[in-house]
Each structure stands twice: as structure tokens, then as C-alpha cells.
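Participant: Quick paste from Swiss-Prot:
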BINDING   Cys353, Asp355, His537, Cys552  Zn(2+) binding site
Amino acid sequence: MTMVETNIKTMSVFANPTPTLSREDIADAVRRAEQRIAPLWPLRNFVAVNPYLGLIDHSFAQAAHVLACRAGARMTLPRSFYAQAIACGRITDDDLAAALAEGIPFRNAPETVAALKAFARDNAPEPVGNVLPTVADLAAKVTGSNWSTIVTDSISNWAGAYFDQGQSYWRSPWAKLPAYEAWRAEAAFDRTPLVRGARAFHRVLRAMPGTAAETIAVAIEQLQVPATGLEAYLHRLLLSIHGWASYARYLRWEAELYGGHDKTLTDLLAIRLVWEVALWQSFARDGVAAAWERSIDEMRHGQDDDEYKRVLGGDLLLQRAFEYAYRRQLFAQLGVAAPGTPVTRKRVQAAFCIDVRSEIFRRALETVSGEIETIGFAGFFGFPIEYIPLAEVEGGAQCPVLLTPQFVITESVDGATPSEVEAAITKRAMRQRVAKAWRMFKFAPVSCFGFVGPVGLAYVRKLLLDTLGITRPVPHPATFGLDGQTRARVKPSLEPRPFNGRLIGMSLPQRIAAAAGALKAMSLTDNFARIVLLAGHGSTTVNNPHATGLDCGACGGHTGEANVRVAVQILNDPAVRAGLREHGIVIPSDTVFVAGLHDTTTDDVTIFDKGDIPASHADDLQRLERDLVAAGRLARAERAALLNVDRNTDIDRAVRRRSTDWSQVRPEWGLAGCAAFIAAPRERTAGISLDGRAFLHNYNWRQDGDFSVLELIMTAPMIVASWINLQYFGSTVDNRVFGSGNKTLHNVVGTLGVLEGNGGDLRVGLPWQSVHDGKRYVHEPIRLHVLIEAPIEAMTAIITKHEQVQQLLDNDWLYLFAIGENGKVTHRYTGGLRWETCA
């Protein structure tokens, strides 16, 4: 017997702990529990993630029960919300009947419309699920000290320093070690557990093995967790440090995307289990041992939660009825779009991201001029690139997080000689270093105290200008370090060349293939206008840690500027156009592609690289810019009501002011309200107000002979839209578990995430202010309704081919409908590769 095994034996509260599971069984349970955690992207590219991603192999109802038992989480709104919707007529008896007709989620849930209405009116306290207890939970009960919070705070404090990405000036001395090793090294010096009363903590710490996998196995053996409850227990532990576990899951996601693996999540689980064993050992004689044995017995034999399931079933039926109410109104709008005035050739075709915020602007632009056709496509416009700014050596992925960048593009200075480019790079790098040194002086532990006195008065002017919204508190990273003249000349460089050990740029065959793929995916292969605008999108906000969450998710949490500028360069290239003819795509010689960026906060559109637009199109461009200004005015007027902007004020000024107001917690509503995804020709939705709630993707199945574009839509944009929809869903129904709380209390930690206040777990999801205006829900949780105009046989074949798509659909995480020739919904997918006709 080794010394470690001897130490472990002597610390057990069981007389003779024996292995109940093989190491392989334990490793398999660890893997399954870790897969239940959804990734959390850092603030620098905060993209929307489905918080239920690890549970999509469960039905929506089953997942609701699992999360109630493992995290005390809700997946529906308070019952009073549905009762009010019934009372005011939003939910009708027909909606309730339709919800009941689909089946009862759990036994003894209401089975009639009358019973369901009575259930909604019931004001009795809502029961919660029997949450699987951890040893920390039991220790809290027997000692009176909140050990669950103490453990989370302790791990979070360590993790904030360990994962820090440049915010702190004193780095952890163990930052280069694997997470578990780094934590053990630091915990050996930490007396907080001893002060708090966990007298066995350091003894347990010393006795544990040196690797995370071995520690987990030893801890499970010591705790005698049965096989029937092991995955649930491990998942419960990870949910107790949900934010940091989610960030570790992101590290693994990124590693796996590029063919690697990351063990940080396993390390965190080992850390959490050390705490469990230590608390068990510390408080065994105070009642924890007996309480834990009862918990183990419940893991073996299950819990009696029939009453909770009855209530949960009723709540899920009300949620389903609420979704039927939305569906009824949406379907009534379709198939009645007014035909536009026939035009042989549009003056402008304007392609926007499918983002729901574009729906309002697209409708406004088409209202301004009937000679403009708008197009919806994922905002990276089919160009999955890594974009490296001038003077940087690495860039960000400008594509959906489901994809990996296929090309690396750098910035250069247009028209500059190599020496001028080098000088611009040197100057920007120097300014960035000086700014970093100055910031270190301001915030360093020693110099910060002497900074305010002699230098503080010099900041009075800037403070006033920032407060008035005239200047930005922090320079925009895209332009920081560049003078005005250089900034105007910076543009993407596509030429293939070696850079920092990599081959960057795009060859001509690569440009032709990418251009053909993008145009086909947009269903834009003929009848080109004189001007084709590709408009990416971004947002303008200040003092907002989650700012990148308002940028383009299809661009990996960045603006779409880089993608549209690259796309336009390629599509205007005569050599590329010549190559496109071999793909059956003939772009007229008088068609010019133009790059733009839609600011979703202000509804202003910026046109890039105007100097590249030929003089022959100068009048066309001026007219387009006037149309964009007019459309922006209409869009701001429509959004003003949701933003609580007084219509008697200068709406344009008031909306723009929000983008520079550093006290504004709701500069815009982002994608709040998202509820539908429609892939069809634009004429199906033209002239219809969808209230900024629908993702609109152009698709013409008649031009998609092999249905490869349909497959792309159902496996990429549809999935991304469901992630966004379910992130907003989770942040609304239970912001405590799936959201990030009160934005006014946020503190950035390590530049990668936020805490609510000065402690607690890293927060996931959206702030409460992103879904609620203080009086009502601006985002109403409705699972995504996907409407596609395509043969149901083609959609069924794609569902069969892709497991994740089938899981999302068969388990009710989103709804799929087919649109017919007349624009009306004809069929609904009901699961198991079956469809039913819609009345």
C-alpha cells in the first residue's frame, strides 16, 4: 500500500470504504457530466450560446426536471405571467387545447382546458424540485455557515487570478501550471478554510493524488457515490461553479475545434471534489456523515417528486400554449404579402445579416424605395476568415463558432510602400505600448495612490466630454493607435504571403470558390443590380462589458466590417468574375459591390472604401446613402417605443445619445424578442412587419439542385439562431442560473467575464437589463419557430443525416415548419422523421 493510499484510508469517515465503481466507470461518468456543461465565451468575443446545449439529448420537459433537481433552475416564467396572458386574451382556449392535445409532460398535470386555466390562477407558492445536495450543502445545514457559498467564492477567487488575461498586474506565480496543480500549490498556503472551520482541509489536500483524474476517482470512492447517481452528482458539482466550469468548457471547445483537447474542466471538477471530501471529513461527527448516507440512499433509490412533476407539467403546458399563441399570430401574417411593383432590374440589392435587428431596417429600406431589394444571409457572408489588425500577430475568428476560419487575412495601408507600412506598424505598436505602460502606472498597487493628486485634475476635461457623450471613455480597439490619415487608408490585404510562420491571404482559385459559394448560398446568382450592398453589422456602446454580445454572432462576436470588405474586394475583382462564369454566375460589368456596416444601436450605415467605387456609380452611391439615412430614421422611430424614448423629443438624437452614454444599461435591445427563423424568398415576407422578432434568410430551393444550401442553412444559421434564442430564453426564465444578473453590479474579472458584486461565481448569459425593462419582459421566452420553404423530403433527409439537428427537433428545443407555394405554412415536423399537415 502506498503512502497516499494509507493517508486516504485513515481520513475516511466510513469504516472500510471500498471501490464501488471501476476507474473506467468513473471516467465515463466524468465525461458525461462534463458534456452537460455549455461553453461560455470570454468578453472579447461574447457570442450567444444555448445554455441547455449539454442536455439536447433530453426532451425539453426532461431537461426542465433534470435542471430543477441539479441546480434548482426554472425553465418557465412565473405562473402569474401565463395567467395574465390568459386573462387578457393573448392565450386563447384554442391555444390551451392545442397545447393539451400534444400530450401531458408528466403524470397528474392538468388534462383539460378548464383545469389548466384553474392551475394558472393558483396563487399557492410554487414548489421547487428536490435539489441533489452536495456535502457543502449538508455542511451548511449542520454548521450554520453557508459552505456552498464559501466554496464557490474560494474557487472563484482563485480562478479569477489563474485565468486572468491581462487585467491584473500581479499574475499568479502558478499560472503556467495545469489548473489542478496550480490550485493545490496555492491552496497549501491558504488558511481561509481553517479559519472558517474546515479543520481537515489541508490534511485532505496533502493526501490527495497529484493528478485530477486520480483525485476524482479517490474522492468518489471515499464518498461512496453509487453508479446510479454519479453522473447527476458530478453534474451538480459543476453547476455549483457553473460560470467557471462553462469557461473551462469553452477552452475545451476551442481546443477540440482545432483537433486538440483541454483538461481544465476535469481539473475544476477535481478541485470541487477535494472540497467535498474535506468538508465531509471536517464535519462528519456534526451530522454530515449521517445526512450524506441518506443522500446516497436517495441516489440509489430515487426521490419521491411526483408533486413537483405535476406542477412542472402544468407550467410546461402553459409555456406551450403561450408559444401556440405566438405561432397563431405569425402564421396569420404569412401568405398575404403584397406583391411588389414588377421591376426588371433592381437599382440596389442590399444584403444584411439574418439578425432580427436587420428585419426592422430592411423593411424600412424597402419602404423608402421600391427599387431596393433586401437579402438576408449570415453576417460573415460566406467568408470564414481570421482577421489580423495592423501591428498585431494574431487575430479573431470572423465566422460562426461552429466553424473554423479557412483563411487568414491581415490589414495593410492602401497605396503605401513597404517602408511606409512598416512605419505605420511601428508607430501603432509604440502607441499601444505607451498606453499600456501609462495604464499600469495608473492602476499599479503602488503608483495608483500617487496618481490622483498630481494628475487627476488633467482628466477633468475628458471626464466631462465622456459624460456628455462627445468622446469615448476608452478608444475603440479597431482604431486605437492609428492617426486619422492612416486609419482612412487601412484595408484588408488578400495577397498570399508568409506571415509569422503561416501562409496568409487567398489565392485566385480560393477567391473564386469562396465567391461562388457565398453567392449561391444567398440565392443571388443572376439579375444583379447596379449596386449590391453587403452590410455587416456591429454596435456602438460604452462602459459595457458585454458589448461584443451586441456585435455579429456569425462573425464570432466581432463586427462584420472585415468580412464585407474582404467579400467586396473579391466580388469586384475582374479575374474572380471571369472565374465565376465557370460556375454559371455572370455578374454584369456595371454591377458594383459596396461594403457597409449597419450600427444596430443607432441605425446608421457606414459605407467603406468609397475611393474604390468607380465614378460611373457616384450618383447611384449618393442616392443609396440618402435612402440609408431615410431608412435609419424610420427604423429609429419604430424602435423608440421599446427604448422608452419620448416621441415628442428628437428621436434621432435620443437614440444616438444612448450609444455614447456610459450610464446607459440598455443602449439597445439586442436580439430580445427573437422567436422565428424564416428561410424563403424575400417575397414571402416583404411588406410584413415581423416586429424585429424574426431571423430572415433568403433561400430559393429551386436554385438548389442538390440541396447543399438547404443543408448548410439547417446545420449552421439555424443552429446559431437556436443558440441565440435559447440564450435569451434561459436568461429570461431563470436569470439566476442562466443569466448574469444585475448589470449595475457587474465587475469584470480577468477581462474574460463578470462577477455580480465582489464575489460569487463567474456569471453566464445575459444581464437582466437585456431582457426586462424594469416593468415587463421585453424578451418573451418562445422556442424558435423555424419556417423553411423547401420540399419536406429534402428536409427529412438532412434531419436524418445530422444527429444534433434531429435532437433539437425531436426533443422540442425548436419547432420546424414547411412553407408551401403560396407562402402559407403547410406542414409541421412532429418528431421521429414524421410530419403532419397544418390546418
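Using N, Cα and C of the backbone, Cβ positions are placed for all residues, glycine too.
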Participant: Give the sequence-ordered list of residues that share a chain with His537 (Zn(2+) binding site), lie 6 or more positions from it, and have CB atoms under 8 Å from its CB.
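Facilitator: The answer is Phe352, Cys353, Asp355, Arg357, Ser358, Gly379, Asp551, Cys552, Thr559, Gly560, Leu597, His598, Asp599, Thr600.
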Participant: What is the number of other Cβ atoms found within 10 Å of the Cβ of Asp355 (Zn(2+) binding site)?
Facilitator: 28
Participant: Including all protein chains displayed, how many Cβ atoms other than that of Cys552 (Zn(2+) binding site) lie within 10 Å of its Cβ?
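Facilitator: Summing over all protein chains shown, Cys552 (Zn(2+) binding site) has 28 other Cβ atoms within 10 Å.
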Participant: Please report the number of other Cβ atoms within 10 Å of the Cβ of Cys353 (Zn(2+) binding site).
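Facilitator: A 10 Å sphere around the Cβ of Cys353 (Zn(2+) binding site) contains 30 other Cβ atoms.
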Participant: For the recorded Zn(2+) site, whose residues are Cys353, Asp355, His537, Cys552, find every other residue on that chain with a C-beta no more than 8 angstroms from the centre of their C-beta atoms, and list them by sequence position.
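Facilitator: The answer, listed by sequence position, is Phe352, Ile354, Arg357, Ser358, Gly379, Gly536, Gly538, Asp551, Gly553, Ala554, Cys555, Gly560, His598, Thr600.
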